[in-house]
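Colleague: Below, the features straight out of TrEMBL:
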DOMAIN    23-441  domain 'Major facilitator superfamily (MFS) profile'
TRANSMEM  21-44  transmembrane segment
TRANSMEM  56-77  transmembrane segment
TRANSMEM  89-107  transmembrane segment
TRANSMEM  113-134  transmembrane segment
TRANSMEM  146-169  transmembrane segment
TRANSMEM  181-199  transmembrane segment
TRANSMEM  273-293  transmembrane segment
TRANSMEM  305-323  transmembrane segment
TRANSMEM  330-349  transmembrane segment
TRANSMEM  355-377  transmembrane segment
TRANSMEM  389-410  transmembrane segment
TRANSMEM  416-436  transmembrane segment
Amino acid sequence: MNNLCFDDILSKRIKFGKVQIQTFLIISLLDIIDGSEFMFLQLMNAIIYKEWSLSLGQLIVLTTIFNLGQFIGAMFYGQFSDQTGRKSMIISSLLLFIATFLTAFVQDLPQLLILRFLFGFLFGITSPVSSILMAEVTPLHIRGQFIVTLQMMCIVGRMWVLLLAILFLDSIASGNWRALAITNSVQSIICLIGSIIYLHESPRFLISQGKIKEGVEGINFMGRMNDKDYVDLSDEEVQSLQQWRKIIFEQQYEKKSFKDLFNQENLPITWRAYSLSIIAMLMQSGLYIIIPFLFDEEEKTLLDLFYTVLIEIPAVLLVVCLIDRIGRLPIILIGTVTSAIAIFIIWYWKARFLLLGLVTFKFFNRMIFISFTPLVLESYSTVYRSLGTGTTIAFGSATGFISPAIILHLYEKDNYSPFLVSFFILIIMTIIFATYPRDLTRKPLDIKFEKED
């Protein structure tokens, strides 16, 4: 038992069962909320722009304030979740998510900007936490599949809003958006109740923090949930976990800070993760903002917009089948190359291939982003996982804060010029991913620290 680590306990003693399924069902609602809010805000931008006769400058502020909140929220998460825990961050963010309901009653732009900032702050907090919690309680041989499947719930959330939009909106840029806001707030309450009653803290996190007793209790609880014949950890197994924690984490926690993301161990991951998050958000945030406007100008319908979201479901299912077989990086590289081709076709042939090109782009772009999340969060040790993942999202959000000002000005001059910019971004992403140093597919999360000393 001297070489016992948490992943051994997770795979051989806790195994897979009811506890992972229960955790997935609860936090999947969190991802549904994230996806539904994201799509709701996209639609509302186009409606408010016309309904309130906003200027281009006001529209830019409206679209950037969300990203500013997301940047601050992600930084907040990265700094504090390793002290407060995964579950507490989920519950605290969900309490604020109920504020979605208040959007239906805003009367002017300042009120809306305050709520948009709040939504962005919450989105920044919740974006990394669900995947991190799922990764820390799932056996390594199916970890990637569950993280990817969890992210599919964001797509389900966006489809949910589009279905509601078909009921409440007259077109992409007109209709009863207030009724849409009210109905879109219901799932937040359900998720909050489920998180308080049924969600449990990650034992891996507790042990890494030195809370051995609480961590062992969490392990035994999970084991009993999964197997009625489960036998609690022996003293020898507990001692082995303590030794594992001492070797992997003890010295790290004494000196952990933001600058340690740039130490010799983390630097090859950090600079690539930050760079990819920044340029990817410049592309994604910009394109997602202009799509409703472009569809409205090209006289596309809500159903056409629905197709561009629906196509992401088979993309996720394909990744679920492949991610723990061929790995994260091969899927990502296939996605970046194919997405670049689709974007170039849209730019060159414009409206003629707009819908087909976007459907193709959304398919392969979804493959990139759902594989990028496990790639990054697995690259960092449990000590740095929240800080590394949270700040990666935060720096991407910072770019999202400035991208509307760039993309909307480009769009005003030439509706299709943002696609040419996105083509070059995807080429750069392909080069960076091709040099990514670590893919921990089917490997223990903290394996990289075993080589130190």
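Just so it is clear, glycine is given a Cβ too, placed from its N, Cα and C backbone atoms.
What TrEMBL says about a protein is an automatic prediction, not a curated fact.
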Colleague: Which one of these stretches, 89-107, 113-134, 273-293, 416-436, has the most C-beta pairs shorter than 8 Å to the transmembrane segment (389-410)?
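Modeller: So the stretch in question is 273-293.
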Colleague: When only pairs 6 or more apart in sequence are counted, do the transmembrane segment (89-107) and the transmembrane segment (146-169) reach 3 or more Cβ pairs under 8 Å?
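Modeller: No, the transmembrane segment (89-107) and the transmembrane segment (146-169) are not in contact.
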Colleague: Please give the sequence-distant neighbours of the transmembrane segment (305-323): residues at least 6 beyond its ends with Cβ less than 8 Å from one of its Cβ atoms.
Modeller: 39, 144-145, 148-149, 151-152, 155, 158-159, 162-163, 166, 172, 291-292, 295, 331, 355, 358-359, 362-364, 366-367, 370-371, 374, 441
Colleague: Are the transmembrane segment (56-77) and the transmembrane segment (330-349) near each other by the rule of at least 3 C-beta pairs under 8 angstroms (pairs 6 or more apart)?
Modeller: no
Colleague: Checking distant contacts: for the transmembrane segment (113-134), what same-chain residues at least six beyond its ends satisfy Cβ-Cβ under 8 A?
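Modeller: For the transmembrane segment (113-134), the list is 23-24, 27-28, 30-31, 33-34, 37-38, 41, 61-62, 65-78, 81, 86-87, 89-90, 92-94, 96-97, 99-100, 102-103, 106, 146-147, 150-151, 202, 373-374, 377, 385-386, 389-390, 393-394, 397.
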Colleague: I need to check the long-range neighbours of the transmembrane segment (181-199): which residues 6 or more away from its ends have a CB within less than 8 Å of a CB in the stretch?
Modeller: 22-23, 25-27, 29-30, 32-33, 36-37, 40, 44, 87, 90-91, 94-95, 97-98, 100-101, 103-104, 160-161, 164, 168
Colleague: Mean pLDDT over the domain 'Major facilitator superfamily (MFS) profile' (23-441): what is the value?
Modeller: 88
